[in-house]
Amino acid sequence: MEFTEQLFMITGCPERHNDKPIGRGFNIISMKSFKKGKGFILFEAKHIPKNYYGYYLRPVILPTNNREFAFQKSPWGYYTNMVSLDEIYELANPQTFYMLEKYGLDLGEMSAESRALNYSKYYADDYTNSFAHKYFLSRKNMYEDGHCQDIDCEPNQSEDTDCESNRSENSEDIGYVIDFNNIYKLKNVTHTPYLGMNLPDRLFIITVYRGVFGTKLISQGLNCFSKQEFNRQKGFIVLNAKNIIKDCYGYFIHSVILPTSHPEFILEDRHTYYYTNMVIIDKTYELSDPETFRILGKYGLDLTVYSAEQRAKNYETSRPMNVLKSTSNHHMPSCDFSHVDSTYNRTSTTSVWTTKNIPLTIDTKVNNIHQFIQKDEFKSAQKLLEDDIVFKKVVDTAIKSNNQKTIKYLIDQQQFDINEAIKLALEENKLDIFNMLRLFNFDKVRCLATASILGYLEIVDKMMENDFEKINGDLVNIVLRNAAEGGKIDIVWYISEKFIEFVTKIDIEVAETIVKQRIQHICTFSDDNDIDISVEQDMLELFENMKMIVVNSKF
């Protein structure tokens with residue numbers, strides 16, 4: 001089932017579902033509850049009921065790319081297990097139904113005022129202490145005092161743009177019109193505080209391509225990175241409007257909501273931006289349009305130094321922009337949703353996005369190669385591996401992500417620098433990869449030097465015992481000098497106890513000089529006020545003891 005209409009949800013006051021609070025952002029119920037008929041009920045505008053218990057109307061964004069997402073037709077509309085909520089409208093306000101008319105609601109049979117009056121009965125005496133009732137009365141009093149004006153909301157129009165009311169001239173005056181200026185105050189609720197962070201009302205992400213963030217396809221609704229990707233610095237960079245620089249790299253800006261109530265949500269405050277693993281994408285704007293920056297100006301972007309026109313001109317004159325504009329508009333197209341059958345087999349349902357016209361970046365190629373190899377689609381991977389730069393990056397990313405299958409395939413198919421790969425595996429502490437690479441022909445002396453400078457005592461010990469036919473002074477000296485350079489006192493102790501007979505006084509003095517240079521470097525370039533060189537001092541003392549042993553052994 002394909003479906004592109006805007007869907008709506010009706011909520012009560014307080015907003016709850018199955019006795020659990022719901023609100024702005026990501027809301028989810030368990031699949032178990034969903035199967036029991038306790039999911040979220042959604043309506044098309046043309047099927048909004050005349051009588052339904054509720055206070056608020058909520059346009060919803062469906063997180064269709066969530067693997068747990070379930071969506072099906074029901075006798076009353078649609079039924080799902082997760083929704084993302086942002087805007088909020090009062091059902092006691094006729095303007096809400098005028099807005100719904102533009103989405104397909106028929107007001108011929110029952111006028112907007114009559115429908116609003118029908119819903120207003122829920123503001124009964126037993127709710128006089130409720131937030132909804134107080135909010136309703138405050139808006140009614142403000143209107144009667146002449147402090148408010150009506151605003152009409154066009155479908156898909158930016159919430160930042162005001163336009164004239166088109167209330168019918170023959171409509172009844174029921175005496176309590178609630179203005180949408182003040183409803184915006186209610187809907188622009190600040191994000192739920194997360195770990196003590198006070199988040200701005202509006203946050204944004206910037207992308208080069210319309211449906212792609214980095215190498216990841218994105219769409220309207222919930223978009224997630226895995227925790228592994230997040231830890232590899234592949235999460236979303238989320239900006240406050242005031243921190244958007246003049247020459248940021250990108251062509252589209254998306255307003256986002258942070259699903260702070262999601263159990264797997266992660267957020268880091270990095271001073272000038274936020275770093276997170278999931279966002280809910282709402283609206284999309286072109287950075288080549290001055291109106292985009294005027295909207296951002298309302299959320300804190302400074303337009304005094306560079307005007308909206310000057311900022312937009314940077315992107316309008318960009319060559320890639322001319323290509324991208326041919327397939328874009330101000331707002332995201334409606335998402336196409338796929339039906340999830342009653343078996344709920346965790347089928348992934350995603351919005352339809354095509355990237356066939358988007359040139360593949362190096363990162364995209366690398367990501368695709370990893371996926372092809374994991375799926376045993378080796379021919380597809382081989383075509384992309386012909387580029388040397390791509391090949392090198394595939395090796396690097398495979399080692400850093402501990403992807404042994406990719407490394408095995410690359411060793412079988414290509415000639416690459418085993419020694420560099422071993423060095424990177426040790427630097428990244430990927431010992432499984434290191435042990436696999438050791439099975440092939442490699443430079444043992446170079447590997448021993450790397451293990452010594454990085455402090456891998458077990459590897460040094462095994463190599464000295466098994467990988468060399470004969471231990472000599474040159475080999476021991478390589479270990480000693482590299483251990484001194486890396487400040488690895490345990491390796492120096494190892495040499496002093498097992499191979500002291502191969503060490504000369506000159507070798508020790510050279511190692512001492514290396515450690516003294518290390519101390520000088522630490523004291524000169526360290527940013528810490530409390531400089532710790534205790535390990536280096538212990539090494540110098542150990543070298544003095546070693547010199548005494550070497551000198552005395554000659555007599």
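Using N, Cα and C of the backbone, Cβ positions are placed for all residues, glycine too.
Per Swiss-Prot, the features are:
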- 364-389: repeat 'ANK 1' (REPEAT)
- 390-420: repeat 'ANK 2' (REPEAT)
- 422-447: repeat 'ANK 3' (REPEAT)
- 455-488: repeat 'ANK 4' (REPEAT)
Same-chain residues at least 6 beyond the ends of the repeat 'ANK 4' (455-488) whose Cβ lies under 8 Å from its Cβ atoms: 426, 434, 444-445, 447-449, 494-495, 498-499, 502-504, 507-508, 510-512, 514-515, 518, 535-536, 539
Intrachain neighbours beyond the repeat 'ANK 2' (390-420), with Cβ under 8 angstroms and 6 or more residues off its ends: 228, 232, 362-363, 365-366, 369-370, 373-374, 378, 381-382, 384, 428, 430, 432-433, 436-437, 440-443, 446-447
Close approaches to the repeat 'ANK 1' (364-389) from elsewhere in its chain (Cβ under 8 angstroms; 6 or more beyond its ends): 215, 397-398, 401, 403, 405-406, 409-410, 413-414
For the repeat 'ANK 3' (422-447), distant same-chain residues with Cβ under 8 A (at least six beyond the ends): 396, 399-400, 402, 404, 407-408, 411, 454, 456, 459, 463, 467-468, 475, 478
Three-state composition of the repeat 'ANK 1' (364-389), taking helix and strand from DSSP: 20 helix, 0 strand, 6 coil
